[in-house]
Amino acid sequence: MIPVTTLKDRKVALFGLGGSGFATARALIAGGAEVTAWDDNPDSVAKASAEGIRTEDLHGIDWSQQALFVLSPGVPLTHPKPHWTVDLARAAGVDIVGDVELFVRERRAHAPDCPFIAITGTNGKSTTTALIAHILKSAGYDTQLGGNIGTAVLTLDPPKAGRYYVVECSSYQIDLAPTLNPSAGILLNLTPDHLDRHGTMQHYADVKERLVAGSDVAIVGIDDSHSALIADRVERAGVKVVRISRRNAVASGIYAEGIRLVQAVGGAMLPFADLDGIQTLRGSHNAQNAAAAVAACLAVGVSADAIRAGLASFPGLKHRMQPVGKRGRVVFVNDSKATNADAAAPALSSYDRIYWIAGGLPKAGGITTLAPYFPRIAKAYLIGEAAAEFAATLGEAVPYEISGTLERAVAHAAADAERDEAAASAVMLSPACASFDQYRNFEVRGDAFVSHVAALDGMTMLIGPATGEK
C-alpha cells in the first residue's frame, strides 16, 4: 500500500467505495488523513463501515472543512451531468481528484526521480502496459504495475529511488489527475469512445492530451488525426515528443515496417526488433503497442538488448488474442475481450484461415464493418442472442452454423479445422459481442472457452486450464 502522507491530519471527503475507492480510503487513513466516505450503494457503505472506515452521507458534512474531495473514476465528473457530490464540492471550492493524483503527489513528495510510465489511448492500453511491465521485470527492475489494468494504484508498494511504476490511465483517471507528470507518457490512439461521459470528441481528446502534455517524454501514436495534432501541439509547447506509427515511417521515433520495428534517430533508420514468431504480438495493432513499449523503455534507460529479450518472452494478456492451445496445425485463440466489431477486427486481420466463434449480446452496428475480413473466415460458429443477426450479415459470403452454445461451437470448429488441409488455421473466439446473455462477463466467457478447448482430445495447452496464466 502507498500511505497518502501528503494529507496527514487533513479532512478528506471521498465518494465511491468500489475496488479502487475502497483502496483509496484505506491508503488515506494509513497516511493519517481524516476520511469521511460515502457511496450510493448501501452495501458498499456497510462494508466500509465494517472495515473501520468512517462513513457519512456527504450531504451532511461541513464542506468548508474539507482539504480535498476524492472521487472514484467511475463517477461522472461532467457528463451526462455532474454527480451530486461534485456539485457540493465545487460549490465549496474544494478541489476534486482521484487516486492517480494522490499517487502522483506521493511520488513527488518522496521519490520524484523514480521512473513513472503512464499509458492511455482508446485501444491497446492494457497490452502496452503489460508489455512494458514485462520488459522491465525481465530486465531485473523493481517494477510496480497498476491503474486501470486492474490493480488500484494506491495498493502498490510506496515510491522509492530505483522503483519503476507502469500505470494504465483511463480518461476518467486523467480527468481527476490535474498534476499528472510521468517520466514517459504514452498516447496510443484516439477514436470516439466514452462520449456519454465526456460530451464531445474534442473534450475526450483534450483529457487524453493532458497525460502527454505533462510528461518529460511524450510518446504519441500518430496514425489518427487527433493524436497527430496532439503530438504537434505538445512538441510546440516544449515537450520532447517521440512519434510512433504502425502504418508509416516517422522522422524521429519508432515505427512498424511489416513485422519489423524500426528506430528513426538522427536521420538514420535503424532496425530495432523483429516481431516474427512472437504469437502474443501478432497483428499491426500489436506492432504499434510494441513500438510504444520500446519507446517508453528506451526513455527510462532500458538497454536495447533487454527490450528485445522482453518482447520475445511476452506472455500476452488473458482474453486478448491469447493463444491458449494447439492441436496439429490448428491454434486455438481466446479473444473474448473483443466485445464489439472494432475490437474483433485486429484478431481477424492477424490470421489467414479462421474458424470463427462469434456472438453473444449484440452491439449497435453488428458485424457489418468486419466484411473486409470475411475472406479470411473458413466458417463461422454463431452463439447467443446475436446468432440470427450475424447469420443475416454473413449471408452467402461466409459459411456458418448457428451453434447456440460456446461448448458446441468449440467442438464443431475444432473438428472442421482438423479436417482442413491448410498449412495453418485458427479456431478463434472473438465474439464481437458482450457476454451478458450467457456469461457474467467476458472473463468468464474466455475461461469457459479455455475449459472447452482443454477438454478436446490431443490438445497441447499453452496456458494453465481455465486460468489463462502461463
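Cβ coordinates come from backbone N, Cα and C, glycine included.
The ATP binding site feature in Swiss-Prot is assigned to Gly121, Thr122, Asn123, Gly124, Lys125, Ser126, Thr127. Annotation note: Asn123 (ATP binding site) sits in a coil segment as assigned by DSSP. All protein chains considered, the CB of Asn123 (ATP binding site) has 20 other CB atoms within 10 Å.
Surrounding the centroid of the Cβ atoms of Gly121, Thr122, Asn123, Gly124, Lys125, Ser126, Thr127, where the record places ATP, the chain contributes additional residues within 8 Å, namely Ile119, Thr128, Leu188, Asn189, Asn289. Summary for the binding-site residues Gly121, Gly124: the Cβ-based neighbour count within 10 Å is maximal at Gly121. Of all Cβ atoms in the protein chains displayed, 28 besides its own lie within 10 Å of the Cβ of Thr127 (ATP binding site).
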